[in-house]
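J.: Pasting a structure here, questions to come.
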Amino acid sequence: MATNTITTTKVTTTTTDVTGLSLIAAHSHISGLGLDDNLQPKENAQGMVGQLSARKAAGVILKMVEAGKIAGRAVLIAGPPSTGKTAIAMGLSQSLGNQVPFTALAASEVFSLELSKTEALTQAFRKSIGIKIKEETEIIEGEVVEIQIDRTITGGHKQGKLTIKTTDMETIYELGNKMIEGLTKEKVLAGDVISIDKASGKITKLGRSFTRARDYDAMGPETKFVQCPEGELQKRKEVVHTISLHEIDVINSRQQGFLALFSGDTGEIRPEVRDQINTKVAEWKEEGKAEIVPGVLFIDEVHMLDIECFSFINRALEDEFSPIVIMATNRGVSRIRGTDYKSPHGMPMDLLDRSITIHTTSYTADEIRTILSIRATEEEVELSGDALALLTKIGQETSLRYAANLISVSQQIALKKKNNTVDLQDIKRAYMLFLDSDRSVQYLEENADQYIDDYGRVTIGQESTDGSTQPQAKQQEVAQPEATQPQSQPEDDKMETD
């Protein structure tokens with residue numbers, strides 16, 4: 001009697017999530033300044049909450065930048081920590097869009113071993129100035145009727161003919177090697193609508209003609225159908241290229257300078273090169289070939305700059321090619337770096353006199369609750385009502401940044417318990433595990449003798465005879481130079497005096 005055996009094979013499928021480049025950052029939820037058409041700030045719009053007067057002032061700056069006629073102005077955003085100074089600058093950047101150059105720079109980035117301070121600031125200034133270069137090109141635009149390519153037996157020189165048409169006319173063009181390679185690379189077939197730049201020979205595939213929409217053919221979802229062009233085949237078209245002054249500097253600073261744009265190894269650029277470029281750009285502007293677009297340079301933590309950098313900014317603001325400089329600081333009356341003088345916001349008085357100041361104020365409890373709710377939505381975390389209330393209280397007593405950081409930590413604690421909603425206990429657990437700045441300072445003061453001080457000394461506890469731990473001042477020196485004792489001279493060298 002035969003026995004049938006059934007074998008079951010278990011197949012395990014592993015799915016790997018590929019993380020994209022759009023990670024959640026501190027200000028990724030901000031998409032603008034949250035203003036209406038009359039520059040009136042909304043209470044909660046485009047990720048911005050509160051700071052109504054500061055956002056309205058930033059809206060005025062936005063209109064100045066969009067007008068493109070005013071440059072060389074300095075704006076200072078000053079306020080306590082965690083009051084949204086950087087958020088206002090990011091909202092301004094989002095509102096300007098991609099057409100206006102916006103360069104964000106931390107003041108500590110200026111200090112480098114590869115570049116001098118003035119060179120780093122000069123490059124940042126010139127990155128914030130855009131040049132719109134207008135160029136008229138002749139293009140051939142039409143629908144491909146037929147492509148005929150003749151190859152020799154030896155496989156050498158290729159020849160071909162391209163039949164192209166519009167709704168009004170049809171023409172046959174002779175093709176050379178370069179054009180045949182371009183058509184093959186773009187995978188141009190009969191029925192495609194293409195555009196050919198006569199000067200450079202660049203071929204652009206615009207789409208597929210509507211007349212071929214019903215053809216039996218395999219097409220991908222990205223296939224775009226367009227109308228067959230009308231009128232003449234050869235047309236003149238104005239093309240606008242947008243480039244920054246810094247990119248022009250790098251390209252002209254050395255042979256194959258355009259490669260340095262991708263590697264980032266620009267190095268020091270000679271002033272003579274920049275002067276020649278400024279002269280040429282001024283000529284293009286007078287001839288109507290180019291248009292200067294003053295952008296925005298944002299310097300965060302500006303109090304970290306020293307007196308030489310502030311002096312350079314004073315001079316650079318008076319230059320012809322100068323952007324609008326926005327600075328942010330959270331310092332009060334503090335010492336100017338590089339000097340022994342104290343000044344408001346750690347900046348020299350002459351630069352403060354040139355700047356218009358926007359002040360930010362601390363957030364209220366309702367505003368903190370709204371911001372934390374927006375952050376939770378951005379991070380895809382579901383908070384219970386009690387958890388949001390506790391986070392709001394923590395944000396009031398500590399800082400908004402600390403409360404926002406607890407959101408993702410609390411989510412991991414909740415997921416460990418297989419809960420999709422973060423509740424009150426998860427927030428408490430995260431609060432006990434991770435200290436805020438005040439509790440960290442308190443712990444440090446209570447246990448200061450167990451940490452190494454400025455002189456490399458540390459007190460280590462030693463167990464006494466009765467079992468208790470008694471602190472013993474055992475000093476461990478960390479690379480401390482020993483004081484040199486004067487050596488005793490030999491008896492013969494001593495001089496006796498009567």
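Indices start at 1 and increase along the chain as displayed.
Glycine is treated like the rest: Cβ placed from N, Cα and C.
Straight from Swiss-Prot, here's the annotation block:
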BINDING   G79, P80, P81, S82, T83, G84, K85, T86  ATP binding site
REGION    458-498  region 'Disordered'
COMPBIAS  461-489  compositional bias 'Polar residues'
J.: So if I draw a 10 Å sphere around the Cβ of G79 (ATP binding site), how many other Cβ atoms end up inside it?
T.: 20
J.: Below 8 Å Cβ to Cβ and six or more residues apart, same chain only. Which residues does that give for K85 (ATP binding site)?
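T.: Set apart from K85 (ATP binding site) by at least 6 residues yet with Cβ under 8 Å, we have I77, A78, G79, D300, A328, T329, N330, T360.
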J.: Between the binding-site residues S82, T83, T86, where is the Cβ count within 10 Å the lowest?
T.: T86
J.: Using all protein chains in view, find how many other C-beta atoms are within 10 Å of the C-beta of G84 (ATP binding site).
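T.: A count of 26.
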J.: Starting from the Cβ centroid of G79, P80, P81, S82, T83, G84, K85, T86, which together make up the recorded ATP site, report each further residue of the same chain whose Cβ lies within 8 Å of that point, ordered by sequence.
T.: N330, T360
J.: Under 8 Å Cβ to Cβ from P81 (ATP binding site), same chain, six or more residues apart: give me those in sequence order, or none if nothing qualifies.
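T.: The list for P81 (ATP binding site) reads N330, S399, R401, given in order along the sequence.
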J.: Measure from the Cβ of P80 (ATP binding site) and count the other Cβ atoms within 10 Å, all protein chains considered.
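T.: Counting Cβ neighbours of P80 (ATP binding site) within 10 Å gives 13.
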J.: According to DSSP, collapsed to three classes, what secondary structure does P81 (ATP binding site) have?
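T.: In the DSSP reduction, P81 (ATP binding site) maps to coil.
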